[in-house]
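> One structure, pasted below without further comment.
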Amino acid sequence: MLVVQKFGGTSVADPGRIARVAARIKGAVQDGHRVVVVVSAMGDTTDELLALAREVTRNPSPREIDMLMATGEQVSIALLTMALQAKDCDAISLTGAQAGITTDGIHTKGRIVDIDTARLRSELDRGRVVVVAGFQGVTPDGEITTLGRGGSDTTAVALAAALGAEVCEIYTDVDGVYTADPRLVPEARKLDVISHDEMLELASLGAVVLHPRAVELAKLYGVPLVVRSSFNDGPGTLIKEVGDLEKAAVVSGVAHDVNIAKISLFDVEDRPGIASRIFRELARSNINVDMIIQGAMRDGRNDIAFTVSRDDLSRALEAVHRIQGLVGAKGITFNDTLAKVSIVGAGMVSYPGVAATMFEGLAEAGINIAMISTSEIKVSCVISREEIERAVRALHMKFNLGEAPAGGPA
Ligand code: ADP
Ligand code: ASP
Ligand code: MG
């Protein structure tokens, strides 16, 4: 059978680990599988490249950022392929472009729009392991674009879908998906199974163990997706369609995101068209806006506040300053010392009081809430970044997430 295996940065952080990954891949080949491998850049390479760019200029252009970041994955595909060849395992490395991955033109936030699998299939037919650079693709005009931080997961699922692979395995530095980030919450529990919808929420709300778009594609194309450790043989976590809402946990996990910033516009005019002007201008700059709050109107004026990714803060501020006059805002401020904590659970919708329990949990920990947003399967609160670890732990405890749900598997 055909399998896609993706190895994250920590799993290929040094030559020793690259050799271990190569041995694992060779094992899959010896078991009779055809294997496509996706790798991330080694260790913290992507962060280091970004830091380097910022030493050159405070405001590097997104195109050149992509050009720079894409080199990280090119290093790891070459080294891993050499390690495979050294083990007498026939293999070839391919960049995103060589693997036929076409992306749209949004630099640093590209989306895969098409995969031409001809080259991949011909290499597989020659009995080779194909090692593809994650996180990158090329536009029809030949421009390299990357898929957003953590985007190698998405490359792997997209390849699995395009090739009709039996399974997409995401190998990482934890044993699977946990009820909260195990680095913050030692008592977090590994989940054996999680639904696409819950995983999508967790991933979108900051659980970096999977890239949100990877979960979306797995759901859309019915790709069986597993998160496993690259350091042991544990079964990991299966992400799949779980239909029965009745059985769903009220709260299945806590996610956190320290990469957010809030922008506030004061005293904007209270008339039709104001919000559309503000958010159209942000959309034009390809900035995703998360939470939005419009305060109570007084004297014909409103306050509007919203959150964006911290990476987008300076461009978002430029955008709102451009339209400040048009919307009559008397002031613009920002806060980049915030974080967001969220609870996720498909069963929440049928239990009133879940949000209240969350606010209680934060109150008991003496944590102040700056913004709130809810949906059928999540509640999010913006709080001070300094308090994020305490908040995640307090909520994990409040909802007893360390204990297996009654009747469920341990
Ligand atoms: P990789 O380099 O393999 O892609 P990442 O650092 O992107 O690895 O993702 C794995 C990390 O995700 C873990 O080390 C863990 O700290 C973090 N993480 C956050 N939330 C969760 C969660 N709910 N379950 C498991 N890991 C999580
Ligand atoms: N190397 C990229 C990053 O650090 C992509 C990935 O690891 O998935 O974001
Ligand atoms: Mg990752």
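Every residue gets a Cβ built from N, Cα and C, even glycine.
Quick paste of what TrEMBL says about this protein:
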{"type": "BINDING", "residues": "LYS6, PHE7, GLY8, GLY9, THR172, ASP173, TYR178, ARG183", "note": "ATP binding site"}
{"type": "BINDING", "residues": "THR46, GLU73", "note": "substrate binding site"}
{"type": "DOMAIN", "residues": "263-334", "note": "domain 'ACT'"}
{"type": "DOMAIN", "residues": "343-410", "note": "domain 'ACT'"}
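Please go over these features one by one and say how buried each is and what sits next to it.
The number of other Cβ atoms within 10 Å of the Cβ belonging to GLY9 (ATP binding site), over all protein chains shown, comes to 23.
Within 10 Å of the C-beta of THR46 (substrate binding site) there are 23 other C-beta atoms, taking all protein chains into account.
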> Expressed to the nearest Å, what is the distance separating GLY9 (ATP binding site) and GLU73 (substrate binding site) at their Cα atoms?
9
> Quick one: of the binding-site residues PHE7, GLY8, THR172, TYR178, ARG183, which has its CA closest to the CA of THR46 (substrate binding site)?
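Closest recorded candidate to THR46 (substrate binding site) by Cα: GLY8.
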> To the nearest Å, how far is the Cα of ASP173 (ATP binding site) from the Cα of GLU73 (substrate binding site)?
18
> Neighbour count first, Cβ atoms within 10 Å, every protein chain included; then name which of LYS6, ARG183 tops the list of binding-site residues.
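Buried the deepest by this measure is LYS6.
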